[in-house]
Amino acid sequence: MVVLILLCDITKFFVEGSLGSNETEHQHPTNVYHDVGVTRDKIVTAQFECYQKIMKDSTHSRQEPLCNRTWDGWLCWDDTKAGVISEQHCPDYFQDFDPSEMVTKICADTGDWFLHPVSNRTWSNYTRCNQHTNEVRVTAMNLFYLALIGHGLSLTSLLISLGIFFHFKSLSCQRITLHKNLFFSFVLNSVITIVLLTAVANNQEVVQSNPTSCKVSQFIHLYLFGCNYFWMLCEGIYLHTLIVVAVFAEKQHLMWYYLLGWGFPLIPATIHAVARSYYYNDNCWISSKTSLLYIIHGPICAALLVNLFFLLNIVRVLITKLKVTHQAESSLYMKAVRATLILVPLLGIQYVLLPYKPEGRVSSEIYDYIMHILMHYQGLLVATIFCFFNGEVQAVLRRHWNQYNIQFGSSIGNHSDALRSASYTASSITEVQGCYSIDGHTEHMNGKGCHEADASILKSDNPFA
């Protein structure tokens, strides 16, 4: 949570800087009434379209009572049969209006629109549009804090995981290097998401002033969002090349993985930014009601599908090898593939659910909670599966914990127990290898194989140094 507090301080600085850069704009009253101007433009446009529709549509023959088509000031109503209640969705002119709710207008049996008993004028019932406004605001705040907590937990777990990977040199190998880059992409994404949530989405002044910095932040956010999924694809490609294509090759060139993980997401992010500036240039690019987001989501979905294909093919190959040879190395590879195979559907399920948002208020609220959990707790999930549940990491931590107990144990009994435990752990390290090897081949990093690193620990004159 300390990380979250520091990010909030950074966010405050970001907001002050953004507002300071637009101080001259705030001196003009037009920005104060920005929302009023937008609302007025929407209403005028809707009124113009309504009158055009009224003039173009053919009139019905009056064989039965009929309420005439009309414009009520906010919405356009078609001809309605007598005794029928006409309905349509609430307009999005005002922030406290819920477009999922319905407006009603009653056509009386006489063929006249309902007159309000107090004003004695035709009346449309808009009361349901803001009936649940307070509940919607509470839900929005709950989702806001749910996202902040999710990214705070993700940041904490990811930074701890990166600390473990960098501190323990026995874990250094190409596969762990890919893990580090994947974790780092999630760290950066969580940081920029917290900045956007607190400095932009939750600050109407920044959104109304529409500084360039908030659009740049949105661009960085979408770029890093793509990096998350393409580094997951790198994990799948690496395992597929190692196990299927190169038949347990010793070493791969990581430069191509860096280009795919950090370089390729720049392409859809840049195309989206250019298209957004020309075709849907809303304030801070904060709206999600545009099909231009498919420029970002399309490559991500493709990466998920390709990754799933690679992983299923890897599982097929490993199962075949296990049936034929019963090699222990194949079993070790299966454990690594299993972790990635679990993550891919979990990280991609949001795109399966995205088109199926329900219409009802309660069901829509449940949907929003599920989507926020799936989206904002991904970093925590990745750190848990790839680091905290990793047998190699657990073995290394257990061994160093036992070394600590031996060095700082307060009694002979504790020293003896820790020594026996350390001896058992050291012998088990040969079973849980830091990096996989097949037929004597070892994955190398920085000129030193992982077997060599483990061997140097086990053969040292002072194993606890």
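Quick reminder: no glycine exception, Cβ is built from N, Cα and C everywhere.
The shown structure was predicted, so the numbers you read here are calculated from the model rather than taken from an experiment.
Swiss-Prot lists 1-20 with the feature signal peptide, giving sequence analysis as the kind of evidence. What Swiss-Prot lists as topological domain 'Extracellular' is 21-141, 201-211, 276-291, 354-368, and the listing cites a curator's inference. Per Swiss-Prot, the feature N-linked glycosylation site maps to N22, N68, N120, N125. For C50-C76, C67-C107, C90-C129, the entry in Swiss-Prot reads disulfide bond, with the evidence type similarity to another entry. Marked as transmembrane segment by Swiss-Prot: 142-166, 178-200, 212-240, 255-275, 292-316, 332-353, 369-389. Residues annotated as topological domain 'Cytoplasmic' in Swiss-Prot, with a curator's inference given as evidence: 167-177, 241-254, 317-331, 390-465.
Structural mapping of features recorded in Swiss-Prot.
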residue	record	CB count, 10 Å
C50	disulfide bond	17
C67	disulfide bond	24
N68	N-linked glycosylation site	16
C76	disulfide bond	17
C90	disulfide bond	19
C107	disulfide bond	22
N120	N-linked glycosylation site	8
N125	N-linked glycosylation site	15
C129	disulfide bond	23
DSSP says N68 (N-linked glycosylation site), in three-state terms, is coil
Going through 142-166, 178-200, 292-316, 369-389 one by one, which has the most CB pairs that fall under 8 Å from the transmembrane segment (212-240)?
-> 178-200
Can you say which of 178-200, 255-275, 292-316, 369-389 has the most Cβ pairs under 8 Å with the transmembrane segment (142-166)?
-> 369-389
Summarise the model confidence on the topological domain 'Extracellular' (276-291) as a single mean pLDDT, whole number.
-> 89
Residues sitting near the topological domain 'Extracellular' (276-291): Cβ under 8 Å, six or more positions beyond its termini, same chain?
-> 200-201, 206-208, 210-211, 214-215, 218-219
Return the member of N68, N120, N125, C129 nearest to C107 (disulfide bond) in space, with distance defined Cα to Cα and candidates limited to these recorded positions.
-> N68
Shortest C-alpha distance to N125 (N-linked glycosylation site) - which of the recorded positions C50, C67, N68, C76, C90 | C90
Nearest-integer angstrom distance between the alpha carbons (Cα) of N68 (N-linked glycosylation site) and N120 (N-linked glycosylation site) | 18
Integer Å distance between the CA atoms belonging to C90 (disulfide bond) and C76 (disulfide bond) = 11
Where does C76 (disulfide bond) sit in the DSSP three-state scheme?
-> strand
